[in-house]
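Here's the structure we're looking at; comments come further down.
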Amino acid sequence: MPGNSFGKIFRITTFGESHGPAVGVVVDGVPAGLRLSQEDLEFELSFRRPGRLYVSGRREKDVPEILSGVYNGRTTGSPIAIVVKNTDVISSFYEEVKVKPRPGHADLPFIMRYGYENWDYRGGGRSSARETVGRVAAGAIAKKLLMFHDTWIAGRLKSLGPVDSPPADFLQILCSKYSPVRASDPETEAKFQELVKQATVEGDSYGGVAEIVVKNPPAGLGEPVFDKIKADLAKAILSIPAVTGFEYGLGFQASRMKGSEANDSIVRKGERLGWRENKSGGILGGITTGEDIVVRCSFKPTSSIRKPQGTVDLRTGEPAEISVLGRHDPAVAIRGVSVAESMVALTLVDHSLRSGVIPPVKLEERQAEVIEDRWRRYMEECRPTAESQS
């Protein structure tokens, strides 16, 4: 099964299945000298961890173990292997799935591709969102390394089902980590919570849209024509389980506008040139402009639901119904925000290393100190959130 790696210089390879012994990631291309601890990884993993209100009831502690690539609290430049054990697995929930593939899920395509006898049906196996633990762990390293340029990444759940959020500034989006449903304001949070409760009672689920904003990104990232930053961001985001769409800046809204409406005036901003409204979402010509990068992605409703759905019994070939048991997110988009943040970070740090914005081989001591100071400031901004979700 190829296709488990992402990136060129900062390259990750995730491994593991939903109900296997563990999941994890190998991260290659991290410069030597970056200060890195288990706490750094746990901090980011806490925001996607299940077992909390409004998300999956699967109670995983998600404690990362760094196996290689770090010595005396600093990266050595060699591959960093991280493993997270699966500790709350109940495979008996999936006995019916073994003979009745779930509508909307990857069950039947995996059978078609790899053969029924090779299919790990337990919790979705490799197609499960449990795989994203490795992405978020690697994303923590990427986010920290981006502090070299004082680049911050934050995300929120912009919409859930029929409920949309009002516009929000970066601080509001950053503080959405306080929200159990990743909402950026109290009124929207209450509406999101009501929808999730409703879906849970009905045995159903909702889709949503995540919005990710990158503050102070380096200008000049992206390599036309086939390695445009927008193309790599799209690939990164669309690789996330349950994601069905991607846009940046005005996105699909631009298709309904005139050029005079969609174009953004170039203006002087202090000692540099910039754009008045950042309608392009920080990307033009496939290259970052230095303005905030704004991307959005849509998540479909969670496929595994209790409400009966039509399928086929693989034993008989006859029509059948399935009501999926187990512990599933009523809205996978809630925890998907953290995964989307991580994929944006992984894309940007890879391009930063490729372009030389970040030293690709080693960090000087002063550079490592500055990164650490900025990272601690970021963690303190979000600290109440991490504690409230533990």
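Note that Cβ sites are derived from N, Cα and C of the backbone, with glycine treated the same way.
Not measured: the values here are computed from a predicted model.
Here Swiss-Prot flags Arg48 as NADP(+) binding site. Under DSSP, Arg48 (NADP(+) binding site) is assigned to coil, being neither helix nor strand in the three-state scheme.
In three-state terms derived from DSSP, Lys300 (FMN binding site) belongs to neither a helical nor a strand segment and is classed as coil. The number of other CB atoms found within 10 A of the CB of Lys300 (FMN binding site), across every protein chain shown, is 17. Swiss-Prot lists Arg126, Ser127, Ser128, Gly285, Lys300, Pro301, Thr302, Ser303, Ser304, Arg327 with the feature FMN binding site.
In the structure as shown, the Cβ atom of Arg126 (FMN binding site) sits within 10 Å of 20 other Cβ atoms. Secondary structure from DSSP puts Ser128 (FMN binding site) in coil.
Recorded residues Lys300 (FMN binding site) and Arg48 (NADP(+) binding site) have their alpha carbons 17 Å apart, per Cα-Cα distance. Taking every protein chain shown into account, Ser128, Thr302, Ser304 are the binding-site residues, and of these the Cβ with the most other Cβ atoms within 10 Å belongs to Ser304. Among the binding-site residues Arg126, Thr302, Ser304, the residue whose Cα lies closest in space to that of Arg48 (NADP(+) binding site) is Thr302.
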